[in-house]
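Peer 1: Okay, handing you the structure first.
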Amino acid sequence: MSEPIDLSQIAPTLKAEILAEALPYIRRYHGKTVVIKYGGNAMTEERLKQGFARDVILLKLVGINPVIVHGGGPQIDHALKKIGKAGTFIQGMRVTDEETMEVVEWVLGGEVQQDIVMLINHFGGHAVGLTGKDGGLIHARKLLMPDRDNPGQYIDIGQVGEVEAINPAVVKALQDDAFIPVISPIGFGEDGLSYNINADLVAGKLATVLNAEKLLMMTNIPGVMDKDGNLLTDLSAREIDALFEDGTISGGMLPKISSALDAAKSGVKSVHIVDGRIEHSVLLEILTEQPFGTMIRSH
């Protein structure tokens, strides 16, 4: 990846052109909600973390309402390693026993979330951290993982949940008070248990419930790639099904693309997978006409 651009070296006239290009997009998204799934390198490299914080602050300042749903897989793996426990995944989902769930809760709801909140606040924004347990935000139920090798059978992967319902009242209240919500993907079940929910799934469901104008999912790759490593810039539901069938989309990309497609089918107007390794990727996708990442379409 190329070295980051030194903005101080950009000529004033070019800066003005950049701002002028952003104006129609600011008008389009003014007053609208944009849900951002935040994860990957953008959460671990200091330069990218600071760039992301500034991006969401700018969106809020120009009247766009960002809602952040964050992951934290590498941080969870690191914490598990410290206690001598290895992470196990099935079909892109983390197997979560009781001990792992305790680690997930304090890593996501504590360390990772607070790092994001503090960074946004440090640069002049007003962020508030939530888990799905706060304000009854995310009602969850145990996820039954279909066993692909044994049709009709299911695999028990522990305290892994799926979204049963979302109560967006607390998120809307924060938006109305000019705050930026930062949400950890932990839900609560009627059985009294906490559930680890894939952050991509939470972001997609939340975008649908909030009637978001855009869902943006950040990854460590340029977007959805074909088997030859070429970027696929535009994918329909039929094309995605074919990529599932031939194994092009697999592992951790399975829940991401499934969630993106579900959101598109449920009325989210614009769904994009973007490369979070690119500095200011959020602003590039939302406020410029530059084609970026992969657009997911429902038809």
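Note: Cβ is positioned from N, Cα and C throughout, glycine not excepted.
On a predicted model such as this, the values are computed, not experimentally measured, just so you know.
The site 'Transition state stabilizer' annotation in Swiss-Prot covers K37, K256 and rests on sequence analysis. Residues annotated as substrate binding site in Swiss-Prot: G72, G73, R94, N196.
How about a rundown of where these features are and what they're close to?
Peer 2: K37 (site 'Transition state stabilizer') carries a strand DSSP state (E or B). K37 (site 'Transition state stabilizer') counts 30 other C-beta atoms within 10 Å of its own C-beta, drawing on all protein chains shown.
Listed in sequence order, the residues of the same chain lying 6 or more apart from G73 (substrate binding site) and placing their CB within less than 8 Å of its CB are G39, G87, R94. Annotation note: G73 (substrate binding site) sits in a helical segment as assigned by DSSP.
Annotation for K256 (site 'Transition state stabilizer'): same-chain Cβ neighbours under 8 Å, separated by at least 6 residues, are K37, G92, D200, M217, T219, I273.
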Peer 1: An 8 Å radius from the center of the G72, G73, R94, N196 Cβ atoms defines the neighbourhood of the substrate site; name the other residues of that chain inside it, in order.
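Peer 2: So the additional residues around the site are G71, I76, T96, V104, L108, N198, A199.
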Peer 1: Going along the chain, which residues six or more apart from G72 (substrate binding site) have their CB under 8 A from its CB?
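Peer 2: G39, M43, V107, L108, V112, S184, A199 - these are the non-local Cβ neighbours of G72 (substrate binding site), listed in sequence order.
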Peer 1: Quick one, of the binding-site residues R94, N196, which Cβ has the fewest other Cβ within 10 Å?
Peer 2: R94
Peer 1: Could you tell me which three-state DSSP class K256 (site 'Transition state stabilizer') falls into?
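Peer 2: In the DSSP reduction, K256 (site 'Transition state stabilizer') maps to helix.
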Peer 1: Please give the maximum pairwise Cα distance, in Å and rounded to a whole number, for the substrate-binding set G72, G73, R94, N196.
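Peer 2: With G72, G73, R94, N196 as the binding residues for substrate, the largest Cα distance is 12 Å.
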